[in-house]
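Engineer: Have a look at this one before I ask anything.
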Amino acid sequence: MHFDLPVGNVASRNLVYCSPDDTLAHAAHAMRTHQCSSILVKDNHKIIGIWTEADTIKLNFNRADIIYQSVGSHMTSPVESVPSQTRIGEVVALFRRKGFRHCLVDYPDGSQGIMSQTDITLNINVDHFLTLYKVKTVQELCLTMDSSLAFAKAVDIMRLRQTDAAVVIDAHAKPIGIITQADLVKVIANGNISLTLEHVALKDLIVINKNDSLLAAREALSSNRIRHLVVTNDEGRVEGMLSMRHILHFLQLEYSSQLQVALSKRDEALKQSMQDLNLAERVFEFAMEGIIITGPEGQIIRTNPAFTLLTGYSEEDVVGQTMSILASGKHDPAFYGQMWHSLKHEGKWSGEIWNKRKNGELFLEWLTITAVYNEFNDITHYTGLFRDVTEHREQEEQIRHLAYFDELTSLPNRRLLKDRVSLAIASAHRKQHQLAVMFIDLDQFKRINDNFGHSCGDDVLVELADRLKRITREDDTLARLGGDEFVILMPMIHSYKDISTLGKRINHVLKEPFQLTENQTMHVTTSIGASVYPDDGSTVEDLLKNADTAMYSVKANGRNGLQLFQEEMAQRSMQHFTLEAALRNAIDNHELEVHYQPKVDVKTGAICSSEALLRWTHPELGHVSPAKFIPLAEENGLIESIDQWVMNQVCQQLKQWQTQGIAVTTAINVSPISLRHRNLVKEVKDLLNHYDIQPELLQLEITESAFIDDIEGVATQLKTLNDFGVTVALDDFGTGYSSLSYLALLPINELKIDGSFIQNIPDCKNSDMLFKAITGMAKNLKLKVVVEGVETQRQLDYVKQLGCDVVQGYLTGRPSTASVLEAALLKQNALETV
Ligand SMILES: Nc1nc2c(ncn2[C@@H]2O[C@H](COP(=O)(O)O[C@H]3[C@@H](O)[C@H](n4cnc5c(=O)[nH]c(N)nc54)O[C@@H]3COP(=O)(O)O)[C@@H](O)[C@H]2O)c(=O)[nH]1
């Protein structure tokens, strides 16, 4: 409904005037002439009143001179007026409230118009709405008057009944016409008021069916230029009357109720927006993010408490300033240029920005700026929302650092090294040059950890990292892969000489001993393996693997050296790998067996004891020598369970022999690792108790390397066992440190001279001298001397002549199964008994 239109749009600009002194007849005549329903009364160019059709009903037509009375005495004054912008709906309400049908309309230019109910009804665009309703919803009962009724009397009745129209009927009650206020004007204009209704009433009765639409009614009113219709039912009988006023009244009611709905909607929206505003204010106050509101030029208007918390600036400090008060100086003008460009063209910008707190501290924030527009699409404000992400960034960097750097030494880790090697390969490929990867492993690092603790081990690694850093070039990458493994990547080498040069420099920096504890220093050596691109591999993995293999080759050859990768190493490494995998399952798969080799008394030729020697037969690899798999087991930690298994097997065997009446002291080889890590004393005692074997039947064979690190600890363990009855043999004597000083400290019962010495006897003078010295010294220390590897009678004669006590070798008996030794022992016992 167009009740919202300004009244100025539909008001009539054809104003008809008269003077207050003009007669009513004159005024009515003028209204008739101009076909209007009102006349404005002007005095001295000023509108002082209005006389309308509606006023005619108030006249007393019983007075013959009534029509000659002045307009001024019957007009309505003052005239109601409204500004032209007033909405039609408000004018309709005004009409209804005051009972008017006309009002003046004042235009801003000083001109005037007039607005009537009829103008409104005809001009507002309510067609669609009018189609929805039928005439019967609006019609009113009508007054009927006999056609013979005098005009003056009829007007009296109409006034009394407060109606502006009546249906005129004939003597048969048949409607013959209608009398309205317009007819009253006509009578006044004609000057003859002593008529009956028959002469006054309109003869062509214009009717409308009560079921027709209001739109049809309005069309009928408009096209006939009338304001009243007679309403009939389907039988054609008069049921009522419908006027412009009725329609307008109805429209106004509808408008009011629609207005009511609109107003309550507006109130609701207002309430909602108040709530939203309140909420927004609370969000602003309590947000964890800093909020800044600026004007279109960037001058700060408001900030929230979080802003103060994050920047140190109070709101008063910054209001009126621009955001540049926070500038850190870390971004160039181009950065800010791009930000403003984005804001102006896209209305938003977000990103990380370094800003400065009031105390000068820089901080990184994540800032989102959004432009606020008015209805004309002009930017009125900018809102900036930010949070401090400095800590977040630091954490990210820390995570990145952890991901790419070793925590202990801060050197690049394996991941970063791989990246660097990969880049170096790409560059070497492009520029056609060589690069080298050097794998560096600390020798005996485990011993440092075991004996001095892990923190001391860590200190050594950090010190080593520092020393290595000092000798690497800027382009080189020194990385720690973990444990005691370091890698140096030389992204460009001119020749293999570069590798040995760096190797020498490494040796040089290692000359200085490492401080392990306050009082203890230690010389550290390294095993270094190197591989070269493209000769030894073209991928990161190959180069690292091959350098590692070369390093292992150095380890295998006695450590402390540098070795370039060679193809055959790869094959060896593969075998090594296969063997290790197979060994892990050897015990569970029952592939291991203990063999026994007799030890024979030199003087009597009788078996006096035996040595348990492990044998491994793999279904595919066949017989694998302990010389091969024992060092492997020592490297990968399997040796402890292997030694444990052997000890258990031997004790079981000893028990069995004991029950058969065979008592033969049997030696078990104990790896230095088992000696260091396991609680050997408890284990041995438990086993002997479990099988109920005399401790004297068990001997432990140890090598010098077992006590080189911790002579006191080993001595204590062996002493306890020795006191218990278990004897100890020092194996492979002459091949290791051969330091005689500790022999006195340790509870050693037997000294086993390594088989390699007897091999050269008696031809080799040096061996002969050595042999004699060892035997002499052993005798002085009251140690039993056992000579290993005796294969010939000549050798046996030699040791016999030297006064050695026991021999062990192929000559007197090869290592064989328990049953073989058992048979030999039973035979020997039988002979002794005889
Ligand atoms: N920790 C453990 N170590 C063990 C165990 N079993 C063996 N080993 C060690 O492995 C190394 C090699 O042993 P093996 O191949 O058994 O060799 C032994 C004898 O078979 C060999 N031998 C004996 N007589 C002769 C001979 O006349 N000539 C000759 N060429 N070799 C001979 O010598 C080895 C003796 O070993 P050992 O007395 O211990 O030195 C070796 O180091 C074993 O210790 C095990 O269960 N645990």
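Even glycines carry a Cβ here, placed using N, Cα and C.
Predicted automatically and left uncurated, TrEMBL annotations should be read as such.
Below are the features I grabbed from TrEMBL:
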| type | residues | note |
| --- | --- | --- |
| DOMAIN | 11-66 | domain 'CBS' |
| DOMAIN | 135-195 | domain 'CBS' |
| DOMAIN | 201-259 | domain 'CBS' |
| DOMAIN | 276-323 | domain 'PAS' |
| DOMAIN | 349-401 | domain 'PAC' |
| DOMAIN | 433-567 | domain 'GGDEF' |
| DOMAIN | 576-829 | domain 'EAL' |
Engineer: Along the domain 'PAC' (349-401), what average pLDDT does this model show?
Structural biologist: 90
Engineer: With DSSP, how much of the domain 'PAS' (276-323) is helix, how much strand and how much coil, in residues?
Structural biologist: 23 helix, 11 strand, 14 coil
Engineer: Kindly say whether the domain 'GGDEF' (433-567) and the domain 'EAL' (576-829) touch, using the definition of 3 or more Cβ pairs under 8 Å where each pair is 6 or more positions apart.
Structural biologist: yes
Engineer: What stretch of 201-259, 349-401, 576-829 shows the most Cβ pairs under 8 Å to the domain 'PAS' (276-323)?
Structural biologist: 349-401
Engineer: Let's see if you can do this one: DSSP helix, strand and coil counts over the domain 'GGDEF' (433-567), in that order.
Structural biologist: 58 helix, 40 strand, 37 coil
